Amino acid sequence: MKIFKCYFKHTLQQKVFILFLTLWLLSLLKLLNVRRLFPQKDIYLVEYSLSTSPFVRNRYTHVKDEVRYEVNCSGIYEQEPLEIGKSLEIRRRDIIDLEDDDVVAMTSDCDIYQTLRGYAQKLVSKEEKSFPIAYSLVVHKDAIMVERLIHAIYNQHNIYCIHYDRKAPDTFKVAMNNLAKCFSNIFIASKLEAVEYAHISRLQADLNCLSDLLKSSIQWKYVINLCGQDFPLKSNFELVSELKKLNGANMLETVKPPNSKLERFTYHHELRRVPYEYVKLPIRTNISKEAPPHNIQIFVGSAYFVLSQAFVKYIFNNSIVQDFFAWSKDTYSPDEHFWATLIRVPGIPGEISRSAQDVSDLQSKTRLVKWNYYEGFFYPSCTGSHLRSVCIYGAAELRWLIKDGHWFANKFDSKVDPILIKCLAEKLEEQQRDWITLPSEKLFMDRNLTTTS
């Protein structure tokens with residue numbers, strides 16, 4: 001019996017030791033990031049040149065050149081089966097993009113970073129210089145996606161406000177601060193919110209940026225708000241041309257509320273932690289809300305807008321707007337009715353009459369979102385994947401996205417389809433170059449015709 005107890009004791013000790021050793025080895029392997037040192041063959045590096053360079057934190061040092069999968073973006077645009085097939089093959093691989101600490105590393109030296117990304121080669125026209133645009137970027141994750149978005153919309157004559165969620169990871173915050181330090185026309189919002197989904201804090205984040213942008217010395221004409229999974233569909237030259245056509249009007253979705261959305265602002269909502277979730281959500285109570293102040297008629301739409309500076313100045317100096325904001329604090333997703341309603345308030349700059357027809361998300365060029373229940377009716381099927389009924393676009397949609405006519409689109413994710421983002425950025429740079437060089441070439445031809453005649 002004594003021998004059995006002794007044997008049992010030693011066996012238990014051995015099991016504990018083996019368990020401890022296994023956990024220690026797993027932690028060590030994770031710390032060393034073995035996947036980067038000895039990657040498997042079926043991977044795809046989204047940023048091959050950077051991921052194998054000394055400019056990032058998590059460097060792939062033993063990657064064979066065969067991992068570098070070349071795709072022709074012109075072929076993707078023309079929907080050539082071979083190139084579309086390549087993009088589908090890449091999606092079957094383990095897609096590895098730069099992590100937040102990689103963005104921190106590559107933006108730690110601003111001169112090197114700007115050279116790596118070719119900011120000095122960005123072309124700008126006289127028309128763009130005289131028509132600066134402001135941006136409000138409300139972000140919380142995936143620093144590399146935000147970095148790509150900023151690179152795509154960057155123009156030295158524009159102004160950019162970044163609002164990052166106070167709850168965001170520290171590494172993400174450092175990456176955003178680094179980006180802002182590298183440019184005189186990019187800054188972090190002076191007041192940062194802890195943003196909760198469908199809560200007033202999301203609207204407040206944009207308002208914080210708008211307030212800061214009004215204090216800027218850059219006299220911007222319009223402001224556009226975006227999130228980290230958005231991407232432009234127009235070059236800056238084309239966007240300036242489109243904004244000029246507005247002639248002081250605003251561009252956003254504004255429709256009469258369907259019955260399914262009435263509860264959002266007719267009942268009091270309280271922010272509560274949802275069971276089995278790691279988030280807080282505004283939960284409807286049985287307490288009815290009073291009618292909106294000043295006989296304001298509610299319209300609904302999107303959280304995203306294109307607003308004139310005159311409109312933005314007005315809302316910060318108008319008591320009706322302030323009262324309406326206070327009334328909206330306990331509603332569900334107030335950012336989806338706040339702007340859509342204000343644009344209908346009589347006397348506001350760029351006003352749309354209450355009796356005017358609805359402006360749907362398809363009519364407003366602000367932002368293209370493909371909902372799965374409208375696919376096949378209003379737009380072709382999604383070739384990527386879906387998240388909460390919203391399409392994350394695939395490479396086969398490149399041509400449609402550019403030709404559709406919207407100015408921005410959502411959602412993009414490099415882990416779903418990195419080729420689409422790469423090719424869209426390439427196409428926008430090509431369009432910017434073509435639009436800027438075209439006038440000079442046309443002028444040259446006109447002069448030649450005049451000389452020969």
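From the backbone N, Cα and C atoms, a Cβ is placed for every residue, glycine too.
The shown structure was predicted, so the numbers you read here are calculated from the model rather than taken from an experiment.
Looking up ASN72, ASN317 in Swiss-Prot for N-linked glycosylation site, the annotated residue turns out to be ASN72. Distance noted between the C-alpha atoms of ASN286 (N-linked glycosylation site) and CYS391 (disulfide bond) is 34 Å.
According to DSSP, ASN72 (N-linked glycosylation site) sits in a coil region rather than a helix or strand. Distance noted between the C-alpha atoms of CYS161 (disulfide bond) and ASN72 (N-linked glycosylation site) is 34 Å.
Within 10 Å (C-alpha to C-alpha) of CYS423 (disulfide bond) lies none of the disulfide-bonded residues CYS182, CYS209, CYS227, CYS382. Cα spacing between CYS227 (disulfide bond) and CYS209 (disulfide bond): 13 Å, rounded to the nearest whole number. Looking only at other Cβ atoms within 10 Å, the busiest spot among the disulfide-bonded residues CYS209, CYS382 turns out to be CYS209. Using CYS391 (disulfide bond) as the reference Cα, a 10 A cut-off selects CYS382 from the disulfide-bonded residues CYS73, CYS209, CYS382. Ranking the disulfide-bonded residues CYS73, CYS182, CYS227, CYS391 by the number of CB atoms within 10 A of their own CB puts CYS391 at the top.
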